[in-house]
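Engineer: Before we start, here is the structure in question, set down as structure tokens.
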Amino acid sequence: MGKRGLLERLDAGEVVIGDGGFVFEMEKRGYVKAGPWTPEVVVEHPEAVRGLHREFLRAGSDVMQAFTFYASDDKLSHRGNEAGSKFTCRQINDAACRLAHEVAAEGDALVAGGISQTPSYLHGLGKKITQEEFKRQVDVFVENKADFLIAEYFEHIEEMEWAIESLASSGLPVCATMCIGPEGDLHGVSAGQCAVRMARAGAHAVGVNCHFDPFVSLEAVRLMKEALAEAGLKAHLMVQPLALWTPDVKKQGFIDQPEFPFALEPRILTRWEMHRYAREAYDLGVRYIGGCCMFQSYHIRAVAEELREERGKLPAAHEKHELWGGGLLLHTKPWVRARASKEYWSQLSPATGRPYSAAMSRPEGGKM
């Protein structure tokens, strides 16, 4: 028997766990340049990408999403980005798909191909040229036999609709997530109406990714769920947020923060906060649950551990990680052994260790 497809799993009410963040993780490791954020690393250093895929697979990910973020030809050469002088979108997407397939075959994972917003749209070049950028990517995903496609990281519902149309032409299942919060897109379209328009454009699963923390993102998904129900539309819900706290951001999310992109670490959620995220997402009715920027494998492991009963299994990475710090019972210090409990870790409010550190920051160009 072949592996079961995305819609087969979601239609059965199963939880599908996505993977985590590649862009920021590869930048930290010296393989992606901050600014353009393009993924030529899949050609230049495939072993680095392969290893990160394996970390997420072992942590419980059901999806190996090809690292094709911002890989459109117009983005590879945008603002003098040198990647475009070395590689084409086709070369990058082809290499990314091969890596994703290689690691997915080591488990029961699905392979997803993804597209994101384009300079062509932002520069007002119109639907035809923008969709040509999408088509060059989709063709490679189809040739490489991706299991499904994702349109992610879109700030404008109009461009998202164009993207969904392009992906739907492949005949493959289509997921769509916008990098928006509860306030909606950058043209003032509400989060709920964005969901309605994504579903009507042909997306099988809709939701949000990036820009906001898990709990802000879940509020946006809640609004989407309500709007879909009111419109009489059915679509699966998905969420792939930041692994960062963003209670103080404005409409464009974490990119407005003065810490972006090199001083965000103090905002990272703990593994225990990811347990809360997974439970709240599941209780909301979300069945595709994953992560975006700053999500590391231990975050995904926490999601898989929290949903172990619903999924009927634990991830391989759980072998060295007992639930709620149970392994600390083997520690030599009695006060550390006393921390081996859910009560301790679920109630902890971690300190930053920075004297006089602010709890929140002031977004660029705005007032708190």
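Cβ from N, Cα, C; glycine included.
Predicted automatically and left uncurated, TrEMBL annotations should be read as such.
These came from TrEMBL, pasted as-is:
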DOMAIN    4-307  domain 'Hcy-binding'
BINDING   CYS210, CYS292, CYS293  Zn(2+) binding site
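How buried are these features, and what lies next to them?
Structural biologist: Taking the Cβ of CYS292 (Zn(2+) binding site) as reference, residues of its chain lying under 8 Å away and at least six apart in sequence are, in sequence order, GLY20, GLY21, ASN209, CYS210, GLN240, PRO241, LEU242, ALA243.
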Engineer: Who sits close to CYS293 (Zn(2+) binding site): which same-chain residues at least 6 apart have their Cβ under 8 Å from its Cβ?
Structural biologist: GLY21, VAL23, PHE24, CYS210, LEU242, ALA243, LEU244, PHE254
Engineer: Can you give me the residues near the recorded Zn(2+) site, meaning same chain, not CYS210, CYS292, CYS293 themselves, Cβ no more than 8 Å from the center of the site's Cβ atoms?
Structural biologist: GLY21, VAL23, PHE24, TYR153, CYS179, ASN209, HIS211, GLN240, PRO241, LEU242, GLY291, MET294, PHE295
Engineer: What count of other C-beta atoms do you get within 10 angstroms of the C-beta of CYS210 (Zn(2+) binding site), across all chains shown?
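Structural biologist: Excluding its own Cβ, the number within 10 Å is 26.
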